[in-house]
């Protein structure tokens, strides 16, 4: 069975009050249209066609290369939109039509829709739900056997039909051959002058084909996002789902209301997440980690047993059983090994720091390779920029960099090299050598008294 998705994403979304197309607004770090694409793939869809219109190039930039694009230059209704993808619909396909602004649809729901459609040998199946207040929605009218008779829009419903609580979700499953034939018979003979996809069900039924409705979803899951208020609601629901999913899988989240975890983040079991944490992008957190209050980690990998304390980590890697923070900043391309300590107010950028090394306080380590078991004292600066170019420094295994020292790149400190406190190092340091690069202390006895006398005389 070849499942293919057609995603309707051509609309402008004027109620969003945005210069950007509606479907690329993000929910928990991912564009709405990409949520739909990912969920459809997980449900078994092999190929995806996205119908674009308004600001098509902007949307296309956010889509993976394998996504098929079909254009709807004029927005003439949902049926017209699907017509634009007709060349990609094969007779043997099972087609699911989805809306690009419904990011909360679940993989399990689509799988059940497919199963229901196939088991009942329907040519078209609409996904439905029942609500307490159906006002504004298209009503599902079933025949005596429970099959779909028709879909009646709110404005066309009579008083009896308005009492029906089962509503149309806007998500459909079709037999490919039947859909192609029905699209050819669509017309726009209605008050809006549009081609409605819902009319395909009636066309199929009039031809004697079996069509159905699957009441297998919830109004929350089917919520469309048309405004910033609805975007916020979708974000809240998605965030709750994500947090609950991690907790079910063995992660402790102290305060779910203040914890923000994006949809592609992965976390190992027995990790504890404290309040105020933000985990974004493709971040991977290992098992038995502690992610402390107000830490922000983006597109980074954290090894098992590591503790992050109130720190910011971006596009970096931290090994196992290491500690970072409090108030540390790992900028892009920081790569820390196992059992590494990066302490308070230490900044690391584009640097490798190997196993067992530590920089406990107030240091800047940029464009560097630090070996194993190196001690970097308080106030050490890797001076990497001459105003035009950046250079790299290398500190090899078991070296000791004394407090308040400057390593002026490019410079190499060989194994067991020892830098005296307060030194400014501009030349390589040999293996096992002590480097002292500072003025010798001078004591001038009685200097203060002489200075005071001179100051008094000048008054």
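Yeah, the Cβs are placed from backbone N, Cα and C, and that goes for glycine too.
Small disclaimer: the values here were computed from a predicted structure and weren't measured.
Taking the Cβ of residue 361 (active site, proton acceptor) as centre and 10 Å as the limit, one finds 18 other Cβ atoms among all the protein chains shown. When secondary structure is read from DSSP and collapsed to three states, residue 361 (active site, proton acceptor) falls in the strand class. Look at Swiss-Prot and you will find 361 tagged as active site, proton acceptor, backed by sequence analysis.
Taken from Swiss-Prot, the feature UDP-N-acetyl-alpha-D-glucosamine binding site applies to 8-11, 22, 72, 77-78, 138, 153, 168, 226, 331, 349, 364, 375, supported by sequence analysis. Under DSSP, residue 77 (UDP-N-acetyl-alpha-D-glucosamine binding site) is assigned to coil, being neither helix nor strand in the three-state scheme.
A simple way to gauge crowding: the CB of residue 226 (Mg(2+) binding site) has 15 other CB atoms within 10 angstroms, across all the protein chains here. Residues annotated as Mg(2+) binding site in Swiss-Prot: 101, 226.
Taken from Swiss-Prot, the feature acetyl-CoA binding site applies to 384, 385, 403, 421, 438, supported by sequence analysis. Note: residue 438 (acetyl-CoA binding site) has non-local neighbours 420, 422, 423, 424, i.e. same-chain residues 6+ apart with C-beta under 8 A of its own C-beta. According to its DSSP assignment, residue 438 (acetyl-CoA binding site) is coil.
Per Swiss-Prot, region 'Pyrophosphorylase' is recorded for 1-228.
Sequence annotations record features per position, and here Swiss-Prot assigns region 'Linker' to 229-249 based on sequence analysis. Counting same-chain residues at least six beyond the ends of the region 'Linker' (229-249), those with a Cβ under 8 angstroms from any Cβ of the stretch are 16, 25, 27-28, 32, 103-104, 220, 223, 256, 259-263, 265, 267, 269, 273.
According to Swiss-Prot, the feature region 'N-acetyltransferase' maps to 250-459, an assignment based on sequence analysis.
In the three-state DSSP classification, residue 421 (acetyl-CoA binding site) falls within coil. Calculated from their C-alpha atoms, the gap between residue 384 (acetyl-CoA binding site) and residue 364 (UDP-N-acetyl-alpha-D-glucosamine binding site) amounts to 10 Å.
Broken down by DSSP into helix, strand and coil, the region 'Linker' (229-249) contains 20 helix, 0 strand, 1 coil. Across the structure, residue 10 (UDP-N-acetyl-alpha-D-glucosamine binding site) and residue 421 (acetyl-CoA binding site) are spaced 64 Å apart at their Cα atoms.
Secondary structure at residue 384 (acetyl-CoA binding site), as computed by DSSP, is coil.
In the three-state DSSP scheme, residue 8 (UDP-N-acetyl-alpha-D-glucosamine binding site) falls into the strand class. Cα distances from residue 421 (acetyl-CoA binding site) to the recorded positions 22, 77, 101, 331, 361 are smallest for 361. Every protein chain shown contributes to the tally, and the Cβ of residue 22 (UDP-N-acetyl-alpha-D-glucosamine binding site) ends up with 25 other Cβ atoms within 10 Å.
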